[in-house]
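Trainee: Have a look at this one.
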Amino acid sequence: ERDAGNHTLLTDFVLSGLSSRPELQHLLFFTICFVYSMTLFGNLLICMVTVHPTLHVPMYFFLRILSFLDISTASVVVPKMLVNLLSEDRSISYSGCVTQLYCVVFLAATEWYLLAAMAYDRYVAVCSPLRYAAIMNTRVCLSLVLLSCCSGNVVSVVQTAWVFTLSFCGPRRINYFFCDIPPLIMLSCTDTSLYEKQIISATVLVILTPFCLILLSYACIISSILKLSSAESRHKTFSTCSSHLTVVTLYCASGTLIYLQPKSSNSQDTKKILALIYTTVIPTLNPLIYSLKNKEVREVLIRVI
């Protein structure tokens with residue numbers, strides 16, 4: 001740190017971590033280490049299985065990208081968190097904090113747009129099965145993924161640049177387990193009201209808009225399956241839709257509660273738990289919900305094993 005007038009220019013930050021209670025550090029370490037291992041194992045398994053020739057359809061292509069994003073999200077946050085749980089030095093460099101924030105926002109925004117693309121893919125498959133191959137061709141699938149990544153990059157560049165134009169007057173301690181927008185703007189000594197309004201707009205654009213599109217797609221899907229004569233087919237599709245919507249709703253709820261009120265008086269411990277859900281827990285659930293419940297994936301997995 002060095003002084004410049006009345007402000008302090010920070011060269012690093014200190015992450016407080018999940019808990020300040022020493023007796024919980026080892027328990028948290030082994031628990032999160034186990035969850036992270038399951039995230040890597042489950043998602044790497046999906047990445048490998050979905051390249052099988054019998055699974056060369058758009059749905060599994062999107063699932064493979066989703067698994068890659070989940071691995072990346074967890075890997076940006078969890079390793080540093082695990083090190084901090086066993087170390088007294090919990091500092092992170094200024095450039096490291098910038099990089100971590102950019103990656104977290106980029107991956108989260110890209111995943112939301114990808115989930116919307118996946119919901120559209122399911123809508124076309126159920127509501128227009130005869131035209132599915134023509135509508136969801138390779139070019140369209142690649143374009144949707146590329147558009148998701150580009151949109152996520154634009155959102156992340158804007159958010160990261162804006163956060164780090166704020167003046168941080170100290171203390172340098174971030175009451176969080178990774179560099180995220182709400183705890184960082186809490187350290188700012190300048191007026192952040194304009195930025196808070198911008199965060200709300202970004203949350204609506206990145207989280208709530210894709211969520212509404214996903215709900216609309218599944219509403220159309222449910223409307224179509226109600227017309228099916230087979231009770232077994234209706235039950236199977238309802239089960240799949242409800243599983244997907246449960247995870248998406250959990251993801252949406254945790255994100256909006258954190259970002260819609262970035263400087264709210266809500267307990268930081270509550271925000272830490274919500275952040276832990278979308279960076280660590282949901283990446284573990286996605287392989288189970290989207291892939292391993294699928295009969296075709298299970299059959300290929302058994303064959304590969």
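Backbone N, Cα and C define each Cβ position, glycine as well.
Look at TrEMBL and you will find 27-49, 61-79, 99-120, 140-164, 199-226, 238-261, 273-292 tagged as transmembrane segment. Marked as domain 'G-protein coupled receptors family 1 profile' by TrEMBL: 42-290.
Quick one: where do these features end up spatially?
Mentor: Residues of the same chain lying 6 or more positions beyond the ends of the transmembrane segment (27-49) and with a Cβ under 8 Å from any Cβ of it are 18-19, 55, 63-64, 67-68, 70-71, 74, 78-79, 81-82, 85-86, 280-281, 283-284, 286-288, 291-292, 297, 300-301, 304.
For the transmembrane segment (61-79), the list of distant contacts is 32, 36, 39-40, 42-44, 46-47, 50-51, 100, 103-104, 107-108, 110-111, 114-115, 117-118, 121, 141, 145, 177-178, 279-280, 282-283, 286-287, 290-291: same-chain residues at least six beyond its ends, Cβ to Cβ under 8 Å.
Counting residues 6+ beyond its ends, the transmembrane segment (99-120) has Cβ neighbours under 8 Å at 59, 62-63, 65-66, 69-70, 72-73, 76-77, 80, 92, 144-145, 147-149, 151-153, 155-157, 159-160, 163, 178-181, 184, 206-207, 210-211, 213-214, 217-218, 244, 248, 251, 255, 278-279 in the same chain.
Among residues of the same chain six or more beyond the transmembrane segment (140-164), those with a C-beta under 8 A of the stretch's C-beta atoms are 58, 61-62, 65, 98, 101-103, 105-111, 113-114, 117, 120-121, 181, 184-185, 195, 198-199, 202, 205-206.
Nonlocal intrachain contacts for the transmembrane segment (238-261), taken as residues 6+ away from its ends with a CB within less than 8 angstroms of a stretch CB, comprise 108, 112, 115, 119, 122, 180-182, 199-200, 202-203, 207-208, 211, 214-215, 218, 221-222, 225, 271, 274-275, 277-278, 282, 285-286, 289-290, 293.
Packing against the transmembrane segment (273-292) from elsewhere in the chain are residues 18, 32, 35-36, 38-39, 42-43, 45-46, 49-50, 63, 66-67, 70-71, 73-74, 77-78, 104, 108, 176-178, 180, 243-244, 246-247, 250-251, 254-255, 257-258, 298, 301: each is 6 or more residues past its ends and has a CB under 8 Å from a CB in it.
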Trainee: Suppose you look only at the domain 'G-protein coupled receptors family 1 profile' (42-290); what would the mean pLDDT be?
Mentor: 87
Trainee: Please give the sequence-distant neighbours of the transmembrane segment (199-226): residues at least 6 beyond its ends with Cβ less than 8 Å from one of its Cβ atoms.
Mentor: 108-109, 112-113, 115-116, 119-120, 122-123, 126-127, 155, 158-159, 181, 233-234, 237-238, 241, 244-245, 248-249, 252, 255-256, 259-260, 262
